[in-house]
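Below: one structure in structure tokens.
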Amino acid sequence: MSWQQRVDDALTARRATDTLRRRYVVSQGAGRWLVANGRQYLNFSSNDYLGLSQHPQIIRAWQQAAIRFGVGSGGSGHISGYSVAHQALEEELAQWLGYPRALLFISGFAANQAVITALMKKNDRIVADRLSHASLLEAANLSPAQLRRFIHNDTQHLSRLLQSPCVGQQLVVTEGVYSMDGDSAPLAEIQHIARRHHAWLLVDDAHGIGVTGDEGRGTCWQRGVKPELLVVTFGKGFGVSGAAVLCSESVADYLLQFARHLVYSTSMPPAQAQALSASLAVIRSDEGGERREKLAALVQRFRAGVNASRFTLLNAHSAIQPLIVGDNSRALRLAEALRQQGCWAMAIRPPTVPVGTARLRLTLTQAHEACDIDRLLEVLHGTGE
């Protein structure tokens, strides 16, 4: 088979199963409204859960820091790219979340890949929730360690997998809030099982940090859990981008030596780090608390209004509210029907989610108003799908 034939066959297979992804060009993609092709839509596809991407205080912090530092970091943090802005943000994050150290990464994908590939060796075992993010599962597959996956949130299955003999070390991998289902992991029980088997725990709290817990400290804090490795990302609740790994002093020193995604990548711009510090200040403030309360009320309003006889609503109380429709083509038709009525939502299909669980992944944000939720419900229940 030629290279071109391989490419063509893969695309043809995606088209045949209604799983071909496409991008949409937007003029504005975060916040209450999405603007595309000159039309304005109520935006139910953004991860900007607290509406902070448009916050004037955070925008101003980025602008002022760009004037001071320039628009790029100029290099890896191991060379010349680790600024006082990066250092300050790491210290603020560590203090806020109660860890000795925090290390910044350019993305959550990079952070997850870096930690797993740096730590895991031959004869080790990774035991990951079956619905873990692609960055976690890909890193596990690429590492020399054995990968075993436990049934989603099934702690008995997790325990059985950890009980089987392992010559090396074991790492349990889970998420705080799951990106496609919107539900939460039983973190306290998972941590208890991991410790019983002398395994370390890695929690990716991309969708919980900033949004849940006291001062927005996330799902782990809310559940009284402190994993050995906590990954937080900044493209959701923080409204910016990037990520950090919270860990012990020695693990941080180890990652600085062996995490190739950290060593060989240009650091995030110092202006971005400054904006993240400003975002953290808002998250921890009374205003941040008010934003979280408003978001929680909007989620409750939506869940109370969904017609359960037409849509399968998962046990999700986060900003992520998936409506399971099953069939790929139906999910695409439903998303298009919503767009025709001025509501922007995306159809999520395999391989992102399991076969037969195609869905509308609706995300609610603090930027929405109650009338926006009512309009979404009206459109959903008025469609023929």
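Note: Cβ is positioned from N, Cα and C throughout, glycine not excepted.
According to Swiss-Prot, the protein has these features:
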BINDING   Arg21, His133, Thr352  substrate binding site
BINDING   Gly108, Phe109, Ser179, His207, Thr233  pyridoxal 5'-phosphate binding site
MOD_RES   Lys236  N6-(pyridoxal phosphate)lysine
If one measures from the C-alpha of Arg21 (substrate binding site) to the C-alpha of His207 (pyridoxal 5'-phosphate binding site), what distance in angstrom results, rounded to a whole number?
23
Among the binding-site residues listed here (Arg21, His207), identify the one with the smallest other-Cβ count within 10 Å.
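It is Arg21 that, of the binding-site residues Arg21, His207, has the fewest other Cβ atoms within 10 Å.
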Please state how far apart, in Å and to a whole number, the two most distant Cα atoms are among Gly108, Phe109, Ser179, His207, Thr233, the recorded pyridoxal 5'-phosphate-binding residues.
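Across Gly108, Phe109, Ser179, His207, Thr233, the two farthest Cα atoms sit 13 Å apart.
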Taking the Cα of Phe109 (pyridoxal 5'-phosphate binding site) as the centre, which of the recorded positions listed as His133, Lys236, Thr352 lie within 10 Å of it?
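Qualifying among His133, Lys236, Thr352: His133.
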Expressed to the nearest Å, what is the distance separating Gly108 (pyridoxal 5'-phosphate binding site) and His133 (substrate binding site) at their Cα atoms?
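One finds 10 Å between the Cα atoms of these residues.
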Give the helix, strand or coil assignment DSSP yields for Gly108 (pyridoxal 5'-phosphate binding site).
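Once the DSSP labels are grouped into three classes, Gly108 (pyridoxal 5'-phosphate binding site) ends up as helix.
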Pick from His133, Lys236: which of these recorded positions has the biggest number of other Cβ atoms within 10 Å of its Cβ?
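Sorting the candidates by Cβ neighbours within 10 Å, the top entry is Lys236.
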Spatially speaking, which of the recorded positions His133, Lys236, Thr352 is closest to His207 (pyridoxal 5'-phosphate binding site)? Use C-alpha to C-alpha, please.
Lys236
Across the listed substrate-binding residues, Arg21, His133, Thr352, what is the farthest Cα to Cα distance, given in whole Å?
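Farthest-apart Cα atoms in Arg21, His133, Thr352 are separated by 18 Å.
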